[in-house]
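Take a look at the structure below.
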Amino acid sequence: MKRVGAHVSIAGGVENAPLQASKIGAKAFALFTKNQRQWKSPELAALSIETFRRNCCDGGFRPEHILPHDSYLINLGSPEPDKLDRSRNAFFDEMQRVERLGLKMLNFHPGSHLNQIEPDACLQLIAESVNMALDRSCCVTAVIENTAGQGTNLGRSFDDLACIIDHVEDKSRVGVCLDTCHLFAGGYDIRTKEALDRTLDEFDRIVGIRYLKAMHLNDAKQPLGSRLDRHECIGKGAIGIEAFTAIMQHPLLDELPLILETPDSDGWQEEIGLLYRLAEEQVKDVSTPP
């Protein structure tokens with residue numbers, strides 16, 4: 001079964017996230033566990049945690065289908081010692097919040113070398129940061145998100161992802177979330193079933209398909225290899241509808257959280273419906289009614 005959802009709002013408290021997901025017909029969801037634009041936030045209240053867990057249960061959302069995302073402020077490969085220390089502490093705090101919610105994964109962007117250190121040194125810092133967080137926590141898997149390769153951000157190539165994983169000591173608690181827009185912008189073609197198969201085969205050869213824990217489903221505003229992270233609605237960008245048909249029909253992607261981060265949140269319910277139709281049959285025109 002495919003588990004499609006979206007990155008939903010936590011306005012009013014994290015306990016509202018599963019309610020928002022249910023409203024749009026999601027079978028998975030992503031969320032921030034705090035204000036992602038602040039380094040520190042109040043601890044999660046016991047009542048919020050209890051209500052979150054109950055709402056997840058009522059909505060049929062299991063921990064393996066929920067993908068928390070850390071703050072965009074965090075840079076686990078920062079070349080600046082004070083910012084690296086702050087990022088590591090914030091990342092561990094996010095791990096603790098995820099554990100308290102009873103969840104199993106924390107999705108994060110690898111990091112940026114800021115043109116101050118060599119990329120290999122930055123990758124080592126990222127792996128070291130992950131090791132430190134895993135050592136101080138007990139059950140959350142650190143899920144690395146591939147990037148578009150914009151600016152000095154690392155994690156565009158499968159080689160980058162493999163390098164980080166190779167240096168993570170507990171291989172049972174590290175994984176990857178593949179973002180389709182980032183893949184495409186980073187030079188990995190997924191526009192047809194054959195192209196998707198080739199890209200997944202390459203991922204398996206270099207990283208290992210066993211590490212694939214989730215996907216972000218986004219079309220792309222920019223062409224293949226642009227290195228620009230510009231999301232578009234499903235079927236309306238440069239990737240196209242055939243790619244998402246192939247994803248929705250690919251058996252290796254069953255039971256993974258498939259999370260929309262497309263720009264029109266008001267259209268998520270419609271996009272989720274479209275994706276589930278794609279799972280059943282070839283749809284050439286995104287305007288085709290159910």
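Cβ atoms here come from the backbone N, Cα and C positions, even for glycine.
Annotated in Swiss-Prot:
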type	residues	note
BINDING	His69, His109, Glu145	Zn(2+) 1 binding site
BINDING	Glu145, Asp179, His216, Glu261	Zn(2+) 2 binding site
BINDING	His182, Asp229, His231	Zn(2+) 3 binding site
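Using a 10 Å radius centred on the Cβ of Glu145 (Zn(2+) 1 binding site) and all shown protein chains, the other Cβ atoms total 21.
Fewest other C-beta atoms within 10 Å: among the binding-site residues Asp179, Asp229, Glu261, that description fits Glu261.
Checking each of the binding-site residues Asp179, His182, Asp229, His231, Glu261 against Glu145 (Zn(2+) 1 binding site) by C-alpha distance, the shortest gap belongs to Asp179. In this structure the alpha carbons, written CA, of His231 (Zn(2+) 3 binding site) and His216 (Zn(2+) 2 binding site) are 10 Å apart. It is 11 Å from the Cα atom of Asp179 (Zn(2+) 2 binding site) to that of His109 (Zn(2+) 1 binding site).
Cα spacing between His182 (Zn(2+) 3 binding site) and His69 (Zn(2+) 1 binding site): 16 Å, rounded to the nearest whole number. Each residue contributes its Cα atom, and for Glu261 (Zn(2+) 2 binding site) and Asp229 (Zn(2+) 3 binding site) those atoms are 12 Å apart. Counting only residues at least six positions away in the same chain, the Cβ atoms of His7, Ala30, Leu31, Phe32, Gln36, Leu106, Asn107, Phe108 sit under 8 Å from the Cβ of His69 (Zn(2+) 1 binding site).
Other Cβ atoms within 10 Å of the Cβ of His182 (Zn(2+) 3 binding site), summed over all protein chains shown, number 26. The residues near the Zn(2+) 3 site, meaning same-chain residues not in His182, Asp229, His231 whose C-beta sits within 8 angstroms of the mean position of the site's C-beta atoms, are Thr147, Ala148, Asp179, Cys181, Ala185, Asn218, Ala220, Leu228, Arg230, Glu261, in sequence order. Each residue contributes its Cα atom, and for Asp229 (Zn(2+) 3 binding site) and His216 (Zn(2+) 2 binding site) these two points are 13 Å apart.
Within 8 Å of the Cβ centroid of the Zn(2+) 1 site, not counting the listed residues His69, His109, Glu145, the chain contributes Asp70, Asn107, Phe108, Val143, Ile144, Cys177.
Annotated pair His216 (Zn(2+) 2 binding site) and His109 (Zn(2+) 1 binding site), C-alpha to C-alpha distance, rounded: 13 Å.
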